[in-house]
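Chemist: The structure that follows is given in the form of structure tokens.
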Amino acid sequence: MEHQLSPILSEIPPTVPVINGEPMCPVENYLLDPNAMAVCSNHSQIMTQHKMYNTWTCPQYWSQIVFVQVNPGEILTIKADDGSIQNIQGPADVPLIAPTGNLPPIYLPPGYMSQVVEENGIQKIVIVPQTLDYHVPMTAPVQQPFVAAPLLTYPQAPQLLYSPVQGEIPVPSYIQEPQQIPPLPLLPPLPLLPPAATFLFQEHLETYPQGRVNHNQFDERTVKIGEYSKKKIRDRQLGEHKINSTFSDTTLLLNKDIDMPAPPDSLCPYTVDTAPGTNTDNSTSDTYSLNTVLNTCTIDSAPRNMADNIPDTNTTDTITSSSAHTPSISTSNATFCSDNNNNITDSSISNYNQVTYDETHKPPDAKSIPSCTSQSASNPSVSENAHNPSSINDGLRPSDVASISENDHEETEANMGAGDNKQILGENQKKSQSSNASLKEHNTEDRTQPGCFNIEKPVVSNIQTRSATVSWTRKSNEKYDINSSMTHELALSSNGKNGTYKNIYTGNGVTVVLHDLQPCMVYFLRVTTIRNAEHRSVSEVVSFTTPGCEPDPPLAPTLISRTKNSLSLQWKASNDNGSKISSFLLEWDEGKGEDFKSCYSGRLKQHKLFKLNPSTKYSFRLAAKNDFGCSNFSETAVFYTSGKTPPAPLPPKLKEAGIYSLSLEWCAPTNPNPNDTLTYVLEMEEAKSGLGFKPKYNGEDLTCTIRNLQRNTMYKFRIFAYNLEGRSNPSGEVKYTTRPARPGCPNKPYVVGTIHAHQVTIGWDLPKDNGGMNISSYSLEVCENSDSANLWKIIYSGTRQEFLYDDLQAATTYKLRVFCTSPAGQSRPSDVLTIQTPTLPPESCRSQPLRGKTKSKDANLPDNRSVNGKPEAHVRGKKAKGPHQDRKVHPSSEKKCALGSQSMECGSVPARHPPSQCGTPVLTCKGPTCVIVSWEIPKCNGAEIIDYRLQWGQVEDSMHLIYTGPCLRYEVKGLVPATTYFCRVQAVNIVGVGMFGGTAKVTTPGTVPAMVPVLKEVESKVPAKLSSTCIAIRWEEPDCHGSPITGYNIEYGDKKVVTVKRITEYVLKDLQPNTTYRIRIQAINHYGLSPFSPSIRCKTKPLPPEPPQLNCVVYGHQSLRLKWGTVSSKKTLANFINYNVLMEDRSGRFSVIYRGPDVTHKVQKLSEYTEYKFKIQACNEAGEGPESDIYTFTTTKSPPTALKAPKVHPLNNNSCEIKWESLEPIKGDPIVYCLQVTTGKKANQIYKGPNTSFSFSNYHANSRYRFKVCAGRRYETSNGLQELWGPYSPSALFSTYKHHSGHGKGSGSKGKGNHNDKGEKCKTEMSDDTFVLTLLIGFALIAVLCAVAVQYLLIN
């Protein structure tokens, strides 16, 4: 049953802290989670405040306040007394006030625990993850949770409670009944408080009293509660005297498994007398009694170093007293050890000491005061590998480690001084002193032994702006050699000594160079030496500061706004690297693309440049300055000023029309700014579509080809021009049409009707594709079988689709084909139709002479009957078996034949054919651009030749017709020199066209180069400084005409010629400023000089002007007005001059403070009595002129400010005192004052000096005096003592009119006179603010009245 206990809340009895005899806060019972006292290794540090607690001296009630610290990301659930539950999201410090003595229970999520921490007198419950788990069996009885009712007792001495330090022995279950102590006679009555608990530490091998059950399983919650109790004892026993106290029992929960962590290093000898009580174990139903036992607990403390990993064996000797059934009063006399490490325990420190306990139960002496002894002895090791739950990586604080020795030493002295308690008697005091002495000696010896891996604090050297060198030395003791393997971890923090550290180096070296540091930054270092996972040591934290340097390069400036003549820029500051940025330096290229020059220097983060050119590119870069110097420049930012929208361009022109495309070209509009880049948008609308214009091209080119159009279709076009400012107006609309395509070939022709011997009708259909246009004509071609050359001839050309061909011959085969023609061209021929004309019967035959006698077996033929005068023959025939086969009829056939007359004799006529093939033409070069072509006459083939056709071209397969006529010679002109040409000839007669003859080839001879096609001026190639004496030109290389170009002749000015090599750019130098030159060029090759190109006119710019004289016309204490040059009434472009005024800054560099055409400028925001240096520079279109000499001007001293109106105080009947405010000296110069009085229209100076008051007497009665004062600044110069006066103050009125008493006749005058005087004084002293406020109130009243009137009128 003891292993199945449910995790319920346990009650931890607290103590009552008392400081300086006054109660601090009576602690009530805590209701905490059972896991509240578990130790968490990832908590950074828990500081325990050490207090001295004494008995109560006066009655006083206090409330218990507990702060629950909730980590980020966690949720705290609190259940109040009324049953309500509240969730609190971390991070937060939740104060819990318990005036009734019971805090609400805190429910924790699984895997978390609560830990009580006391910092600066405030107890906190820290919610942390549960990370440690102990499994070491210990003999102890398992008890059910029992909450004892609080009893009214006196305040008790500090209890034996220990802080939850890792590595300590847990608290086993030991229950005592609460006892009451009668009030002491020497103390006043105190309020009764709940009892405290006594915790006795027992070894799992101890001998239990009769009736007590031995359990080997411990509850983990008990361990945590025990650690909490040990922490509380340690916090309350520091520096205290031995105090008698009563211990009350505490109900603890035990579980089956628990470890035995090492005991604390600060255990001190003490004696505990237990009170009688009864303990009942529900799991075993055993009852045992401890009523008759008085226990004396003796603790032997032997400190050990935890780093050695050699735990001690804790031995407890228990002796049962023989005096049974004698209840006793339990007291505890505590004598504290003097070890320097016994009073401070930090959960983050990895070195702990272990002690050995001997508990001896002795019978009470006559005085019922238990004795306390302390023995210092070492115990043999029991466990070889004691678990050390503390990790150096879980929040170890080296600063605490470094300060342990000093704090411990101070606390040791305090504890030794507090160890003499007058309440300890006789033997017990002596035993305690001897025990403390021996323990102190042992602890002193242990403290003098060095750690096995102690290292000195790291040394930082060679500290640079962004790097530093860190080195350290390591030590060793006798147990470990310094040469043994070890690892060093160097951790760096930049957010404070207790901030987050980051490991930047791990290795066995002792010197590390740090890189990538930030300038002017404080860094903290610590070194951890690791031998293995259980032996670590941390050095003291060392801090160093990197020096400052110049700022980081800032980001490039950004554009706020722009106009045609201005640009507004802004920028952000970069890292100042330890010194505040004093100014920014903005440079620009002035729109020329050359070297950068300063345009602004100051602290502002924005700047606006004026008087810029429209649509111009400007480049900027930025640098920052501080006391260390100037940073590098930022990246270059490019901005453009605004400009005008371009004018409307001309309509686009048709460059070439295709079947499915149109090529257009256009000209750029007249652009006033040549630097402006134009973009063009071409829009198109298909005619009769009604869809409107749609963009088809967007780019910077001046040509465009639109494809995928429909053939023989009309389209509309217009064009826009764009620049950075917007779109121009559209150009005029133009219409262009795509070309039609050649028609498709017609279908195969067909025969209409019957084929006759001499005629046939041929028909054909329309082609399926007419190419987008109507067919204009059809052509029918025929080819006879008799033509071995298979020549086609056109027999018909027209618009009809049927043709009667009546020039046929009987028994002849013909081939026919047809093609059609449209305005787009000629189609391909159709498929071939083959026909054969039938044979004709003979009309008459001539009798052939017979040779010899013949005998005819045929019957006699009857007489022929003539039909239409011709004999008729009757023939019976059969159908031929095959095509074109005739069968003769036998004379014995039944059919009778009639014989015709004899035929006539005739002669044969030869057939006519196209001409034969021509021969190869003969080519003769007449010159580089002329060739004579001649050829011979071919055979005519029965028909006279009427024409010759000559084809000519540069490619043999692509020649074109250049001549048609009867001549046998043709002269070709306009040829290109040094070029190869091809030609051929064919003859034509009335029958047809003959075949082409052979192809001839000729190459024209070379000659002088062609004329240079393009010559233009290039202004960008000439620097601005040389533009007055130089002109740059560029040209395109012409055709060389068969001989490479070797150079060029450039003619300029008064027929001056410069010969250059084969280049296309040249700069003419040593020209006259502001002069126009006519320039032309010719090319040179082996054959000679080419013609001159068309001339161009170029003008040099005038020389840059000289700087004018700079003068200062107005001196001020904060400004200087400068003037230079003269103002011209007529400003033309030729004499337009800008001026640059430069001023020296703190670094000695001159920067531009004004740029423009004005001749005056006021420099403001200057310091008084300071010398400033200036330069001036004149600029025109030729560039910037030379800078002038340095001009030095000094500002004046600043005058004092105006004083308030003086105050007049009458002294007696004939004198008054005038007072005014005083001013502090200005930069060490004394202040003097001048008092002036005005009577009527006359003003007199009545005082001048350093005083602030003056007595005025002997004034006239019935007069008005006005006093005003001004301050002056007195200083010395080489000319002597000088005075600089400020403005006068407002005047103060003083009236000397006599006033009569109120009961007399002049009482009315007195009142009136007073009223007038006050009114006049108020009028005089009314300030500007009062006047403005009066006006505002008046306007407000008028507005309200108007609003009321308007509303009233509208409602009515």
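Keep in mind that glycine also has a Cβ here, set from the backbone N, Cα and C atoms.
According to Swiss-Prot:
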type: COMPBIAS; residues: 308-341; note: compositional bias 'Low complexity'
type: COMPBIAS; residues: 370-393; note: compositional bias 'Polar residues'
type: COMPBIAS; residues: 439-448; note: compositional bias 'Basic and acidic residues'
type: COMPBIAS; residues: 825-838; note: compositional bias 'Polar residues'
type: COMPBIAS; residues: 883-894; note: compositional bias 'Basic and acidic residues'
type: DOMAIN; residues: 454-549; note: domain 'Fibronectin type-III 1'
type: DOMAIN; residues: 553-648; note: domain 'Fibronectin type-III 2'
type: DOMAIN; residues: 650-741; note: domain 'Fibronectin type-III 3'
type: DOMAIN; residues: 745-842; note: domain 'Fibronectin type-III 4'
type: DOMAIN; residues: 914-1007; note: domain 'Fibronectin type-III 5'
type: DOMAIN; residues: 1017-1103; note: domain 'Fibronectin type-III 6'
type: DOMAIN; residues: 1104-1199; note: domain 'Fibronectin type-III 7'
type: DOMAIN; residues: 1202-1299; note: domain 'Fibronectin type-III 8'
type: REGION; residues: 303-341; note: region 'Disordered'
type: REGION; residues: 356-402; note: region 'Disordered'
type: REGION; residues: 428-452; note: region 'Disordered'
type: REGION; residues: 825-894; note: region 'Disordered'
type: REGION; residues: 1299-1320; note: region 'Disordered'
type: TOPO_DOM; residues: 1351-1356; note: topological domain 'Cytoplasmic'
type: TRANSMEM; residues: 1330-1350; note: transmembrane segment
Chemist: Give the residue counts of the compositional bias 'Polar residues' (825-838) per reduced DSSP state, in the order helix, strand, coil.
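Modeler: DSSP classes over the compositional bias 'Polar residues' (825-838) add up to 0 helix, 6 strand, 8 coil.
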Chemist: Restricting to the same chain and to residues at least six past its boundaries, which positions have a Cβ under 8 Å from a Cβ of the compositional bias 'Polar residues' (825-838)?
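Modeler: For the compositional bias 'Polar residues' (825-838), the nonlocal Cβ contacts are 742-751, 755-758, 760, 762, 764, 767, 771, 779, 781, 808-819.
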Chemist: Which listed stretch (745-842, 1017-1103, 1104-1199) has the most C-beta pairs under 8 A with the domain 'Fibronectin type-III 2' (553-648)?
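Modeler: Stretch with maximum Cβ contacts: 1104-1199.
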Chemist: Take the domain 'Fibronectin type-III 2' (553-648) and average the pLDDT across it for me.
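Modeler: Its mean pLDDT is 91.
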Chemist: For the domain 'Fibronectin type-III 1' (454-549), how many residues does DSSP put in helix, in strand and in coil?
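Modeler: Going by DSSP assignments, the domain 'Fibronectin type-III 1' (454-549) contains 0 helix, 45 strand, 51 coil.
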